[in-house]
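Features reported for this protein in TrEMBL:
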COMPBIAS  18-28  compositional bias 'Acidic residues'
DOMAIN    43-436  domain 'Amino acid transporter transmembrane'
REGION    1-31  region 'Disordered'
TRANSMEM  79-101  transmembrane segment
TRANSMEM  138-160  transmembrane segment
TRANSMEM  172-190  transmembrane segment
TRANSMEM  197-219  transmembrane segment
TRANSMEM  231-254  transmembrane segment
TRANSMEM  266-290  transmembrane segment
TRANSMEM  314-336  transmembrane segment
TRANSMEM  348-372  transmembrane segment
TRANSMEM  378-400  transmembrane segment
TRANSMEM  421-444  transmembrane segment
Amino acid sequence: MSPQKQAEEAMVSTFDQAEPDDREEEENGKEHSGFSFRSFLWHGGSVYDAWFSCASNQVAQVLLTLPYSFSQLGMLSGIILQVFYGILGSWTAYLISILYVEYRSRKEKENVNFKNHVIQWFEVLDGLLGPYWKAAGLAFNCTFLLFGSVIQLIACASNIYYINDNLDKRTWTYIFGACCATTVFIPSFHNYRIWSFLGLGMTTYTAWYLTIAALVHGQDEGVKHSGPTELVLYFTGATNILYTFGGHAVTVEIMHAMWKPQKFKYIYLLATLYVFTLTIPSAVAVYWAFGDQLLTHSNAFALLPRSGWRDAGVVLMLIHQFITFGFACTPLYFVWEKVIGMHDTKSICLRALARLPVVIPIWFLAIIFPFFGPINSAVGALLVSFTVYIIPSLAHMLTFRSASARQNAAEKLPFFMPSWTAVYVVNAFIVVWVLVVGFGFGGWASMTNFIKQVDTFGLFAKCYQCPPRAPAPPRPAPAHH
């Protein structure tokens, strides 16, 4: 038997022993006529669950802002950058999965038991590279997930306004902040099985609604497609796409929820390929129909005529944003539980109560910065660039810098990489590209655009990009007798 095959079998063996509670859940689900309704809805840990979680989490509200990005980039650049960043994102998600497996295999050789403990990205960095890397991973990851949750709240308010404009967007943010706070009751990513499945179905409906509705509507009279026109807009749009395919800040938590995490390696790539079928047709069709109008309408729903189909898309996206809020917030809940010593608590109600303080700053930030669209690019440039592109690439290079580390790696090179030199070349390219183009030019452009929004609408904007209300008709003059 080859050494690689022996290593893989050893990994399966140690991982099966490491999570006895998970294995029991899986086996219990097979008892009693081979089916448990509770397990079907609540306890997910298969490869399919991980795929649904990755695909569902990757494309949420950003689906509605991609046509806006196309108006900034132009059609050709928009399509090329989606494919480019999709591939880059899939590669760095693969690196994260390799580092997770390496960390866990090393710890299990030391007889560390992870029962009732969820491994997180900053712990992987700590175990492999030390406390400074842990601090960097914790800072970037938590800040990104915090603002990722903020973006979902902003998107909820932006979307519901197109169904019911009796309340302004800020008031809707208050309401949806309270609704999203109920995610504190979902213990871990094991318990997102049915939600991930439904979330992806909802996004799929919305993406194809946008595509078909835009084609049926046809091009507006005199429509112009002048992008790209300014460097600021070009790099703002590019960083929104970088943000779109940088949704793997929760990769480690999704892997840890799997019964066999070593099978995760190519799941994110397969999820990305499916996401392409949603993001590219919808962005192309909406931009083709409305062109430069999208520069002042960052939410694609704003330009499509109201109908039952559109309202259904809005409602489904609202539900999906609730799910994605939970995805982004759950790792923050874990961090907070570990800080206050509640992570091992088995009572769902006690853990929910302990998690509530995490939701409050998210709620507050969504009210301060309600800039749906521009905030995606700012988060992409300043946080996603490091969290899910630069840090994983550097961490992988440093973890396997010695010949002994490469020789004893728990996972060997992928079949499409001829040597470790090729891996290092790809990782170095990602670091330089994202640092210069994503963080450098993207940071300059997105912050310039973000500051422009603050100057135009102000902080705590009551109703960002809302159309002006028609003045009330004058009252008829009283009749003279």
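Residue numbers in this text run from 1 along the chain shown.
Here the Cβ of each residue, glycine as well, is placed from N, Cα and C on the backbone.
Tertiary proximity for the transmembrane segment (138-160) is limited to same-chain residues at least six positions away from its ends with a CB under 8 Å from its CB atoms, namely 60-61, 64, 120-122, 169-170, 172-173, 176-177, 179-180, 249-250, 299, 301, 314, 317-318, 321-322, 324-325, 328-329, 331-332, 335, 361-363, 365-366, 369-372, 375-376, 379, 383-384, 386-388, 391, 464. Counted over residue pairs 6 or more apart, the CB atoms of the transmembrane segment (314-336) and the transmembrane segment (348-372) come under 8 Å in at least three pairs, which marks the two as touching.
Contacts between the transmembrane segment (348-372) and the transmembrane segment (172-190): present, as 3 or more C-beta pairs lie under 8 angstroms, all at sequence separation of six or more.
Below 8 angstroms of C-beta separation, residues 52, 55-57, 59-60, 63-64, 67, 278-279, 281-282, 285-286, 288-291, 300, 304-305, 307, 309-310, 312-313, 316-317, 319-320, 323-324 of the same chain, each at least six residues beyond the ends of the transmembrane segment (197-219), sit close to that stretch. Using the rule of three or more Cβ pairs under 8 Å, pairs at least 6 apart in sequence, the transmembrane segment (378-400) is not in contact with the transmembrane segment (266-290).
When the stretches 172-190, 266-290, 421-444 are ranked by Cβ pairs under 8 Å to the transmembrane segment (231-254), first place goes to 421-444.
Packing against the transmembrane segment (172-190) from elsewhere in the chain are residues 22, 25, 42-45, 53, 118, 149, 152-154, 156-157, 160-161, 250, 253-254, 256-257, 318, 322, 325-327, 329-330, 333-334, 348, 351-353, 355-356, 358-359, 362-363, 366-367, 370: each is 6 or more residues past its ends and has a CB under 8 Å from a CB in it.
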